[in-house]
Amino acid sequence: MGVFSFWIRWKLKKSLCDKNTYIRISLPAVCFVWQIAMVLLFGIFIRYNEEADAHWVEHKQQHNLTDIDNDFYFRYPSFQDVHVMIFVGFGFLMTFLKRYSFGGVGFNFLIAAFGLQWALLMQGWFHSLDQDTGKIYIGIENLINADFCVAGCLIAYGALLGKVSPVQLMVVTLFGITLYAVEEYIILNLLHCRDAGGSMVIHCFGGYYGLAISWVLYRPNLHQSKHNEGSVYHSDVFAMIGTLFLWMFWPSFNSAITNHGDGQHRAVINTYIALAASVVTAVAISSMFHSKGKLDMVHIQNATLAGGVAMGTSAEFMISPYGALIVGFFMGIISTFGYVIVTPFLAKSLKLQDTCGVHNLHAVPGMLGGFIAAIVAAFASDSVYSHQGLINTFDLTGEYASRTMSTQGGYQAAGTCVAMAFGLIGGAIVGLILKLPIWGDPADDNCFDDEAYWELPEEEEETIAPVLEYNNHMIQKHQDIAESNFSMEEC
Amino acid sequence: MGVFSFWIRWKLKKSLCDKNTYIRISLPAVCFVWQIAMVLLFGIFIRYNEEADAHWVEHKQQHNLTDIDNDFYFRYPSFQDVHVMIFVGFGFLMTFLKRYSFGGVGFNFLIAAFGLQWALLMQGWFHSLDQDTGKIYIGIENLINADFCVAGCLIAYGALLGKVSPVQLMVVTLFGITLYAVEEYIILNLLHCRDAGGSMVIHCFGGYYGLAISWVLYRPNLHQSKHNEGSVYHSDVFAMIGTLFLWMFWPSFNSAITNHGDGQHRAVINTYIALAASVVTAVAISSMFHSKGKLDMVHIQNATLAGGVAMGTSAEFMISPYGALIVGFFMGIISTFGYVIVTPFLAKSLKLQDTCGVHNLHAVPGMLGGFIAAIVAAFASDSVYSHQGLINTFDLTGEYASRTMSTQGGYQAAGTCVAMAFGLIGGAIVGLILKLPIWGDPADDNCFDDEAYWELPEEEEETIAPVLEYNNHMIQKHQDIAESNFSMEEC
Amino acid sequence: MGVFSFWIRWKLKKSLCDKNTYIRISLPAVCFVWQIAMVLLFGIFIRYNEEADAHWVEHKQQHNLTDIDNDFYFRYPSFQDVHVMIFVGFGFLMTFLKRYSFGGVGFNFLIAAFGLQWALLMQGWFHSLDQDTGKIYIGIENLINADFCVAGCLIAYGALLGKVSPVQLMVVTLFGITLYAVEEYIILNLLHCRDAGGSMVIHCFGGYYGLAISWVLYRPNLHQSKHNEGSVYHSDVFAMIGTLFLWMFWPSFNSAITNHGDGQHRAVINTYIALAASVVTAVAISSMFHSKGKLDMVHIQNATLAGGVAMGTSAEFMISPYGALIVGFFMGIISTFGYVIVTPFLAKSLKLQDTCGVHNLHAVPGMLGGFIAAIVAAFASDSVYSHQGLINTFDLTGEYASRTMSTQGGYQAAGTCVAMAFGLIGGAIVGLILKLPIWGDPADDNCFDDEAYWELPEEEEETIAPVLEYNNHMIQKHQDIAESNFSMEEC
């Protein structure tokens, strides 16, 4: 990239040393300590549940079950779709920056792989612990929930993208998973809310968690990395891989842990419809806000997904197909609007640097999705759901048998507030921890640059080197001629 | 890209204004009007079917059904594969152009998302309308069919890629879905043909629909955009993502709505085998037609898929594994041959500009697939299918119970002709509509360029700017020296 | 790419002719002969099995079966995941080289598509041949096994990437599939080993097969292609697509043909957990070995997968979740270590050129996975598996009913040795065949270059041409001025 860029690189490398992005000790140390802790804790706590244990063949005979009665067959296809969303969806969506694609997809991979282990334990203690044996018994549903839990942290990563070190991300993930498990326990168990696709517990929590961290870690001189904050043509195409896999598999996300049968079926239909509407309105608003009506890839990559986020909680409800369409319709508008108006406003007035705009894609649509579901729940009735259908959908059994639907709606709204509070307060505290000068985060002028944490192939030099060499050669030659003239003159 | 390219860009921008690709009003207007229409029509017509309704739990008890008796579990994995084909498969296959990747994947996304809503309605009116209630009851099979319906329009988009505006594409989609629903009704219901994977109703129709539109919209000066018509190294790799996801999931496409059990099982096997053979023969022909035996990415990206197209109708028939292999064998040859010989011939003699070569991948293999299936159907017998198997496979019940297999074969062939006629005539009419000067289509010299409809990141400038800057600096310096010599001379 | 690169290209083209990479006759000939042979052999041997035959509807009635009793529904979602691993996973993992992405993904496509046909036959003769009718009856499980079989050859391709012609790859595949079918028969049937995910039969065999071929084909002057051996920024991102799809779908790979119910369920859990641990430890070791703690994309793309390879055999055993975690933990370390230390050592001392490092990702983890499973099997007991569970998991029925678990462990270990021996000896023989000077392989100085076998788009010229042109123009101008001065001087 020429003399200029070599100079810039050299400066960057120097500042890297100044700011100490040297993570040769801290990153391996954190990885090893935590991974060994996982081995020990898995050894103490985690076992297969009865459907995954070799004893199942006897269990099956005793309970007169057939092969298909294993929950595996009802959940596994959805699980794999969710898995793709976590690793390819989130990972590739974050490759859009021109010089941070390795960090986008690579750190996403690292923290998701670590996070799901910790999530199996944290969620296991809250939801799958057998009081008698003290063991956590896991099956396919635990894997799905672990992936869900990780999604919350990856959303937070979206707000921090390019501005933190991998060690900091491991800390964000450790605390994020922990907070998630607690808020999820409060929302789903104590408040007895329904939240199949996690508008509240995943998107609202994850979005505000990331925003709060980012707010605490505000960098006044981030403009020094402005040359790296943006996309190039091919990085935008890579990001579309992420967008599309998220978009396509969102019906699986919202239906993965809903009730067998009509629950999964309905959640798929609602999400499919809501997402379709988001795309059309996001395109409309994107075009409307450009002076020549051109589309902006940022909106297409993100706002098109807002319908899926907002349907997270109510996907399993009888919101009706047109209800889903209306939700998607408005979410596409609101989210695109957020990218055009709100993000720049927040950056200026609130000093909130939100790299991927998670505010517009997760925080706000997640929160709205929570409140929409509260309204839908409040109006649910026997006539629409059937008596048994209402009980099944909202799991109104045992101590909750007598809860009225308007009460349920109130609890759903309360749950949304709990998720937001956990995100904001938890994020603020984690942000303060991350301000300690020990984490190897990049300097203001080398944010959004893979150079800091990755051994990079020498692409541009490679491509342009021959041109430069040839130019230098020719210029030298003419310089010689010119100078020889000059010297002749002088004589 | 230097002075030259700045000049080219400036010219382009100027001509953009001349040709009025200003779509700031028309695109949002079309999106909003049609999306609001969808909300209203969904509100009036669309409801969940019994398997997706919360009443299902009571329905299940009444009919003594188990969890698994929900069609959802037989179709959902295939549905998700089809969904990936529509959005990632078609989308990325169309990223191969060097400067039209955003348009390829982005407009594909837009028109598919709009189209599937309209398809749910159009197909619903023809196939899922309850006469008593006047409602359309939808479930997973409707979602699959909506995706299928959209595929027809995306095929048409392949012929138009880079030459039309997004507003025109919305029009193509609106009419395309409508025509599709009518021809599908005629072929499947009135003629009582079988067409599981849509060789006729999807590929043959969609291919000829796109070709007819493209023929009407012939641009005599398209060579002015020649510099953008072609791929670059990485855009070809992106296109391979599309190719592979189409190729891999084609067995799901052809089996998604076939009969439970042996129907789906057999359709998968046949498609898998036919596709494998296409790859090998497409490679052979591609190598054979190059002076040094080199392979052409266009053939690998497209002709390898022809086996799947041609097996669309007969995938569920007892064509036998070697029958499928033979179909794939010849389709790989015919399709590659089409790319080498027929497309250039059509462009010259018929004035048919077919960007992606849908003639060779969809129109012809789809038509041939229809006729192959007619022959296979005509020779179907009780001994090969079993008596009940024959009835089930061809749905020869009710008024069709007495139809002989040779009659069925005749109807299958007739169905193929209907699909082709709908494509050609419908496409010609839609093409005329698109000639109106109100749609914001690009000028001849800025086709195949995302610049027209997308806010682009400034990639090349970014990469080469420092080189240029440095060069200018050095050249200026030597110019100064030289001129100083010169002026000295003059003195 | 300037004068230098034009000169390099011209030299390359010249040397191409010297070395005769002209494959216009050999490649089509091999493709056609083999594909026609497939048609004939399929015609003679291959039929649908009863679950895919239209007679199934009667079979179902006779045996009182329901729709879901078709094995299709238990295997198809896993099959599609495996299919994605074979074509997108392996294919894109091999796009990492800067100038060999077409060859990586394209030849992978070709040999997989040919290989699976031959695998259906070879495995069919050994496993699915009906002695009475002399036919091979295929269903979904045969398709999965054919994909597995192909995986062995694609692993071998990883060692040869960039150094062989497509014709040679067809030969590698033909013999590879044949050897695979034989060693698989010996290991699974004669030794009665269990190997659900193929640590032994796929990874250990495939890895050593590729390494032995590569060793025989040693090129002392490969350094002449050094300028092409390496990645660029975007090719590394493409390779991450391959990595992630392999990583995500590995649970499906290891569970695709295990027992219904707990077998599949457990295999998924074990693989999921092992893979998660590999990622964390691979990152740790990668960082630890770089002077500044930076991560290396080669490790992230490959070593993160080692946990899945090593769990191949024991995924269906009761290894327990923490056992799986420990396996993943060490495999991430060993594999990354291999990339840092062992591959350079092998290249130097053993003259083994292993392009993708399959030694570290497949050969060694596969072998270790085989031995780990031997130990796990030897310690299996009724108390852990239940009596019936133990019999089912290890299929200890018929003549094997009396085999003790320690004996089984011994056989498992022996099976691993058989796989390795087949790989090494078979590979050496195939390597010698490939040394014949008739296969059109590239010269030492045009390895890792798509130019040899692909019609390439002119990317770099396109991008930089205007710069060069402008420079030449300016330089010429100043040269003229300078020379005019000079000549004036002379006068």
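Every residue, even glycine, has its Cβ placed from backbone N, Cα and C.
Database features (TrEMBL):
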TRANSMEM  C:21-46  transmembrane segment
DOMAIN    C:65-453  domain 'Ammonium transporter AmtB-like'
TRANSMEM  C:82-100  transmembrane segment
TRANSMEM  C:107-126  transmembrane segment
TRANSMEM  C:167-188  transmembrane segment
TRANSMEM  C:200-218  transmembrane segment
TRANSMEM  C:230-249  transmembrane segment
TRANSMEM  C:269-290  transmembrane segment
TRANSMEM  C:325-347  transmembrane segment
TRANSMEM  C:359-380  transmembrane segment
TRANSMEM  C:413-434  transmembrane segment
Query raised in the report: Against which stretches of its own chain does the transmembrane segment (C:82-100) lie, if we need a Cβ under 8 Å and a gap of at least six residues from its ends?
Result: 108-109, 112, 144, 147-148, 150-151, 154-155, 157-158, 161-162, 228-232, 235-236, 238-239, 241-243, 245-246, 249-250, 252-253, 256, 297-298, 301-302, 355-356, 448-451
Report summary line: If one takes Cβ-Cβ under 8 Å and requires six or more residues beyond its ends, the residues near the transmembrane segment (C:230-249) are 81-82, 84-85, 88-98, 101, 275, 279, 297, 300-302, 304-305, 308
Requested in this report: Examine the transmembrane segment (C:359-380) against the transmembrane segment (C:200-218) and state whether at least 3 Cβ pairs sit under 8 A, considering only residue pairs 6 or more apart.
Outcome: yes
Query raised in the report: Short question: which residues 6 or more past the ends of the transmembrane segment (C:413-434) have a Cβ under 8 Å from it?
Result: 156, 164, 168, 171-172, 175-176, 179, 182-183, 186-187, 191, 193, 195, 199-201, 204-217, 363, 366-367, 370-371, 374, 441
Report task. Determine which residues of the chain contact the transmembrane segment (C:107-126) at the Cβ level, with the cut-off under 8 Å and only residues 6 or more beyond its ends counted. Result -> 31, 34-35, 38, 41-42, 45-46, 86-87, 90-91, 94, 136, 138, 142-143, 145-147, 149-150, 153-154, 157, 166, 169-170, 172-174, 176-178, 180-182, 184-185, 189
Query raised in the report: What is the average pLDDT across the domain 'Ammonium transporter AmtB-like' (C:65-453)?
Result: 96
